[in-house]
């Protein structure tokens, strides 16, 4: 098993900064703002080729109230999940009562714990950490996470020896293929098409929507545990949380995201970062669950978010939440509104659920798998060309400047979303109505559901363009005789 390392401590001691440093990412939101991290965030890290899982947690200070109570519960759960704990304290702020309370809890759990004093840059490390020895956790390791000072020493002299004791190096991670593919995607590289098997990779499933529509409640319902903070307050989730899971022998990576509001209502800098993370999560996902509040109906912001999903080419499943408790008359009105405002999304499945009570949640995954399979299915050039030919036979392309547009052949240009490339003459002059006709024809013929189809057109090149006709010697002699004859006749 890959060791699990949890970062715990008071708010704003630098846990997310160290998390980003260890995982070599910027996945965790970082700001000089206590209480920014609210959910457990997992990341992959390594030291000298040895991998471990790092968990970033929300701060604990003993004065939690409201949503902060749920944050503290998440941090305590992370301690239970971890094999080793890095207990972080703030060297600049000094020893606090909350530090003593956390240390007491850690001692009661009897977990391997290492005390890390952060923010020692510009200070005498020995002098800055002396008060923390009273916590009774042994050696103290001074670092400056924001600049990386002391982090490598922490890994080499603390984590690596501990890992050598508890995890033999010969152990192979059974998820290595997934993480290798993840690294390839992150670096912008692409594996050869012959080696690609979409069924061998986890389906990345993003749950998005406006604030407080029930995204985290749905996430917890799917997982069957209180994995993310749920509170009846808009903006509870601030970061995108990636959660591996398995259902019906199929692997998924569930992505719970922050709510997206109208741009004019986003005033907090942290919320702006959260929105960016949500949009990045959409682009990173294979399938997106767009959650809509049945009691509030479809807003312009829902349509804006829907537009971003479609422009990103992601597969889509629409989820209407909070369906329980509505009268039959209201339900009919909601369905009519959906048909009217979302009529152009005829390829997406719509589910009416209650995330709180779990009604119809289990049926979501059938639509998710259908959408993913449609977006990654391989189709041969012969099949696509045959479909294109049938479409032309059923409805001829229009005349352009007196000439009929000619479509020659079609082939696949990409997947997730499926891209069909059509070659022909004057194809760029085709009207939008005929392009939509072709797109719908391909969708029906291929039985594509849950994912948009994109069609690209390429003009056939004229082989004689920009070439001069060079006469042969015989043609030159004939031309001279012809010119002489013309001159004599004049």
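First residue shown is number 1, and so on along the chain.
Here the Cβ of each residue, glycine as well, is placed from N, Cα and C on the backbone.
Given the structure is predicted, the values throughout are model-derived calculations rather than measurements.
What Swiss-Prot says about this one:
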BINDING   9-16, 56-60, 118-121  GTP 1 binding site
BINDING   209-216, 256-260, 321-324  GTP 2 binding site
DOMAIN    3-166  domain 'EngA-type G 1'
DOMAIN    203-376  domain 'EngA-type G 2'
DOMAIN    377-461  domain 'KH-like'
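Most other Cβ atoms within 10 A: among the binding-site residues 12, 57, 120, that distinction falls to 57.
Taking the C-alpha positions, the distance from residue 209 (GTP 2 binding site) to residue 57 (GTP 1 binding site) comes to 24 Å. Cβ neighbour counts within 10 Å, taken over all protein chains shown, single out 257 as the most crowded of the binding-site residues 212, 257. The Cβ of residue 9 (GTP 1 binding site) lies under 8 Å from the Cβ of 15, 59, 60, 87, 88, 89, 90, 99, 102, each of which sits 6+ residues away along the same chain. Between the C-alpha atoms of residue 120 (GTP 1 binding site) and residue 257 (GTP 2 binding site), the distance comes to 33 Å.
Classification of residue 212 (GTP 2 binding site) by DSSP places it in coil, neither helical nor stranded. Between the C-alpha atoms of residue 323 (GTP 2 binding site) and residue 12 (GTP 1 binding site), the distance comes to 39 Å. With DSSP states grouped into helix (H, G, I), strand (E, B) and coil, the domain 'KH-like' (377-461) comes out at 32 helix, 26 strand, 27 coil.
When the binding-site residues 212, 215, 257 are compared by Cα distance to residue 57 (GTP 1 binding site), the shortest distance belongs to 257. DSSP classifies residue 15 (GTP 1 binding site) as helix under the three-state reduction.
Around the Cβ of residue 215 (GTP 2 binding site), 29 further Cβ atoms fall within 10 Å across all displayed protein chains.
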